[in-house]
Amino acid sequence: MFIKAGLTGLYTGARDIVLLSVFLAILKGTAPVSGDAGEIKKLSVLEGDSVTLHTNITEIHNVDLVMWMYGAQRSIIAKLNGKSQMISFYDVDDGRFGDRLQLDNQTGSLSISDIRTKLSGDYQLRIISSETSYKTFSLTVHDAPEPGLSSGGLALICVFVLMIVAAAGIAGVCYSRRKYSRLKGTDEMKTEEVSEGDSVTLHTGITEPQKYDQILWSFGPRGSVIAQIPERTSKTSFRDDERFRGRLQLDSETGDLTIRDVKITQSGDYQLKLIRARQTKSRKFKLILYVDSLRFSEGENVSLDTGVSELQRDDQILWTFGSEDTVIAKRERNTNQTADADGRFGDRLQMDDQTGSLSITNTKSTDSGVYHLHISSRNKVSYKKFRVTVWLDTVKVRAGDSVTLNTGMTELEEDSKILWTHGDHETCIAKINRATNKTSLYRGNDVRFRDRLQLDHRTGSLTIWNISITHSDVYKLQISSRRRSKCKRFVLIVDENKVSVTEGDRAELNTDVSELQRDALILWMFGPRDSLIAKADLENRKISTYDGVGGRFRDRLQLDLQTGSLSITNTTNTDSGLYKLKIISSRETRYKRFRVTVCEDRERVIHPEDTVESSQRENTEEIALLKIYSGTSV
C-alpha cells in the first residue's frame, strides 16, 4: 500500500504506468495460492528474460521422477529420472520452446531462457517418490518496454530492481537479463545422438573465439580437460587420453569439437567453458550412442549390446524403456535386478553379468520401443539408446494357392504341445500333444478351414490348402514344453490373381504349370455359383467347354491341354468376374483364382454381377464329374 501511495502522481507516461503495473503484479505473485493442483505461484517476467521455476528439492536421489507439464493439456515438456539423473526434453506441437529449456539434474528446477509472450501459461510440476506432490506456476510474460524512458521511468526502474531482489528471496525465482550473444545460458544442456562409428560435432555457437582468453572442452563426471585453445591463440591442444586418441578435432575458428569413430566409451557428458577475464560461460552436452532400427520377428530372442567387453567393479547399469523411462533392469553393488512394472516383459529379461547387455527372450510386438542404457561410475558416465521394432511375420499368398506357417523347429520335443489359433478371439484350429501322440484339426462350422488344414507331426508347422481372401487374418502359434515356451504370430495376406483387358482383347488365365500329371483333371469355373465353363480329362485326352447362359462364352474359350491354361477370345464386359481353377491328380490337388476385369475403354471399368448358372451343351455325364469333387469348395 505504501508503494501505491508514494508513487501515485509521479509518473504520467504510458510506459511508466506499464512498468508500475508489471512491478505490482510481481509483488502480488510472490505469495502462494492454494488450489486443486497443489501450491500455486503466480510469476511475471519481461520478454527476453530468463526464469527458473524451483522445485525446492534438496535430495534428488530420493525422488523417482520429476515431471514438468505445460498448458491446459498438460503436455510433458521435461522429465528427470531421480535415480539415473537422466534428463529428457519434449516440445509442444508448435515448437514454441525450441532449445529454451534447461533442467537442473540436482534439483529438477526448470529454467526457460530468452522467454517470449507465447510462453505465458500454467507450468505444472509433478514430483513422484513414495507419494506424489504437485505444484503449479502461473507465468505471465509481458512485452519489454521500448527504449527512451522519462526520468520518472528511470526512477521507477531503480525501485523496480531493488524490489526484485527482495521478491526473488521470497518467491525463489531468479531473473537475469538476456545476453544477446549466440551462446545462450549458463550450464545449458544439449543432447546429441550419433550412430556407432560415425562422427559428431559439438558446436560452441560463437563466431569470434579470439574474444575469449581460453576455450576448454572437458569430459566425464570429473571434468577432465580433453581439448583447448589457450591464451588468445589459434593453436589447439589435446590431452593424451586413450579413449580419445586420434579421435578429436578442434576448429580454431569456432572452437567446435569433432569426435570421430564414436563408441560407447566416447558417449557421456561434455562441458564447454569460455573464459574471458573473470567471467566464465559454460555449456553442457550429453552425447548418446544411438542404435536405430533393430528389427526382429515376433518370437525371436533379442540382445541389446552395451559395447562393453567387461564391467568394472564400481560400474552401475540402468536399463529403462519407453517414453516414461520405466526401469526394467539395473546393476548395483555387483547385483543384477530386473523389474516389470506393467507386466509387459514377465520373466523374459536377463542381464549379462560380465557386459551388462540385456536379453529379451520370446519377443512380442509390445516390446517395440526405445530402450535407454545408462552406465555410471566414479570416473565415467556413458549413454546408449536402442530403437527396437518387433514385427509380426507377414505371409503373402495368392488366392487358390497353399501356404505353410512354419514353427521354425526341426523337430518337436517329446513333451511338446502345439496350439494354432486364428483371429481376435483366438479360435483353435489345430493342436498337437506329443506326450499323448494326439493331433486335432478344426471340425467346426467355419467352411474356411473345413478339410483344408494339415499339421506336420515332426515340426508342428501348419499348412492351409486352397487359400481364399477370407483366410486373411492373424494366426497365433504357441509351443510349450518343459524346456521352453514360445509364442509367435503371423499375418496372412491373401491376394487374387488380377487380369485386366480391354474389351475385344484376349484374356489369358495361366496356371503357371509347365507340365501336368498324366491323370490330371482340370476344372474351370466362373461366377458366384462356380458354374463349370471348361474341363480337361488328360487321362482320356478329352476337352470340354460350356457356353454359359445366353451363350456368353460360345466359341470363345480355349483350353491348353499341356498346361491347363484358359484363354478367352474377343472379350466383352460380361466376361468380368471371378474364375476358379481346380487341378486334381493322384499326387495333389491345386487351386487358383483369377479376378478378371474387362474395360469398355481406358477410362471406365465395369464389374457385372454374375447371377445365373451356366448351361451346358455337353451331356450330363460330363457334369456329374464336377459333383464328385464338390465337397471341397474353391
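The backbone N, Cα and C atoms fix where each Cβ goes, glycine too.
Positions annotated as domain 'Immunoglobulin' by TrEMBL: 40-142, 189-290, 291-391, 392-495, 496-599. What TrEMBL lists as signal peptide is 1-32. The transmembrane segment annotation in TrEMBL covers 154-175.
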Key: Tally of residues which DSSP labels helix, strand or coil - the domain 'Immunoglobulin' (189-290)   = 6 helix, 51 strand, 45 coil
Note = Residue counts for the domain 'Immunoglobulin' (291-391) under DSSP, helix then strand then coil, are 3 helix, 52 strand, 46 coil
Ask   = Which residue counts does DSSP yield for the domain 'Immunoglobulin' (496-599) in the helix, strand and coil classes, in that order?
value = 6 helix, 51 strand, 47 coil
Inquiry  = Is it possible to list how many residues within the domain 'Immunoglobulin' (392-495) are helical, extended or coil according to DSSP?
reply    = 3 helix, 51 strand, 50 coil
Inquiry  = When secondary structure is assigned with DSSP, how many helix, strand and coil residues does the domain 'Immunoglobulin' (40-142) contain?
reply    = 6 helix, 53 strand, 44 coil
